[in-house]
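Single-structure report; data block below.
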Amino acid sequence: MAASSTRLRCLYASSSTWKTSPSQSLISLSRRYATTSSAPPTPSDESSSTLPKRRKTTTFKDKLNAGPSFADFVSGNGDSNNAPLDASEAYALETVMIPGPAGRGKKEHTRLPSWLKTPIPDSTNYKRIKKDLRGLKLNTVCEEARCPNISDCWGGSDKSAATATIMLMGDSCTRGCRFCSVKTLRTPGPLDPHEPENTAEALSRWGLGYVVLTSVDRDDLSDGGAHHFAETVIKIKQKAPGILVECLTGDFAGDFDMVALVAKSGLDVYAHNVETVEALTPHVRDRRATFQQSLRVLEAAKRAKPSLITKTSMMLGFGETEDQMWDALRQLRASNVDVVTFGQYMRPTKRHMAVHEYVTPDKFELWRQRALEMGFLYVASGPLVRSSYKAGEAFIENVLKKRRGVGNTPGAEVTTEVPVDALAK
């Protein structure tokens, strides 16, 4: 027992000695084995705070490292860096690094090109329209889809050329397209039976020259909302006979009888958007929507009323190729579509598809010219163009008035592909 206690005392004594002077022992060992080429000893906790912190790399330093060396710069071997940018490089996505959430460093942010920036809406006409919409419990796709042209369409001084896009059947859609900011629900609420009357009342107050009626998709309804659409058109024509009405509908799940019902309701233009080229449709639109079904909807509207103007819209910037664009336009012309519009896809939120490319104004103009050469009746093309953007101005000045012979001299030739009486109903 005595030997055992002696052993314990020895162990305790040695450990006590180690605890009292660990730094001295480490220093002693490091000095014993140190050489001139060895790495410096690991500093203790007390001394680490006195060492200078490593400076973070900067954006400027990264750019400098990516560029030519100093020798190349002086000798002029880096002349290729001074060559003028071609169009594709000049309009490439411009990115900057901005501070992210606390503790998460910086993140990449894409800047909008100057041609996509619009003023904040703030005018008397804009405020009045918004107040009426709230009072009558109406929705607009202008607000729900965060359209960049809302100040231009609602706040213009010329009411006769102004355009409003009323969204019927609620603000919740049964489909979920990857580009659209309208919220999605499997079973939205019931239709408002007063909506057709309220819509007609609002439009008669505003004195607009052109209105676009659109809607969320309502796959939960047996008719897809077609009767609601038709009733709204009839009410508008009763209260404001002079107003031009465009209906931008869904595909009614392929029920072409419902397409015909809306086409014969008294509207002036039947619109249904293909949104993108056929190859990208499965990635952009809800799986229940297909490019071919959209073509059949437009064909069904034309069959129901051959004199009707049919219209569609495409967004650019998803990554579509020229061959895919040509193919889409050829199929649209084969379906006798009269009007097509091109606009830039703008990502509404982070959960939606990212923008693949900001298409330049020059390229939009090129596609406008190409579409006109293919025989489309009218083409609106530009970064901020939307399906209903300045639709009244476009149709009144470029299609409807021309068809009615407004401003033509006696004996002048008047285009009559679409009968006047069909447009005046």
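Glycine residues also receive a Cβ, built from the backbone N, Cα and C atoms like all the rest.
Bear in mind that the values here come from a model prediction, so they are computed numbers and not experimental data.
Residues annotated as [4Fe-4S] cluster 1 binding site in Swiss-Prot, with sequence analysis given as evidence: Cys142, Cys147, Cys153, Ser388.
DSSP classifies Cys173 ([4Fe-4S] cluster 2 binding site) as strand under the three-state reduction. Per Swiss-Prot, the feature [4Fe-4S] cluster 2 binding site maps to Cys173, Cys177, Cys180.
Annotation source Swiss-Prot lists domain 'Radical SAM core' at 156-377, citing sequence analysis.
Here Swiss-Prot flags 1-33 as transit peptide, drawing on sequence analysis.
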8 Å Cβ shell about Cys173, Cys177, Cys180 centroid, [4Fe-4S] cluster 2 site members excluded: Arg175, Gly176, Phe179, Ser181, Val182, Thr184, Val216, Asp217, Asp286
Cβ neighbours of Cys177 ([4Fe-4S] cluster 2 binding site) where a neighbour is any other Cβ within 10 Å: 20
Cβ-Cβ neighbours of Cys173 ([4Fe-4S] cluster 2 binding site) (radius 10 Å): 23
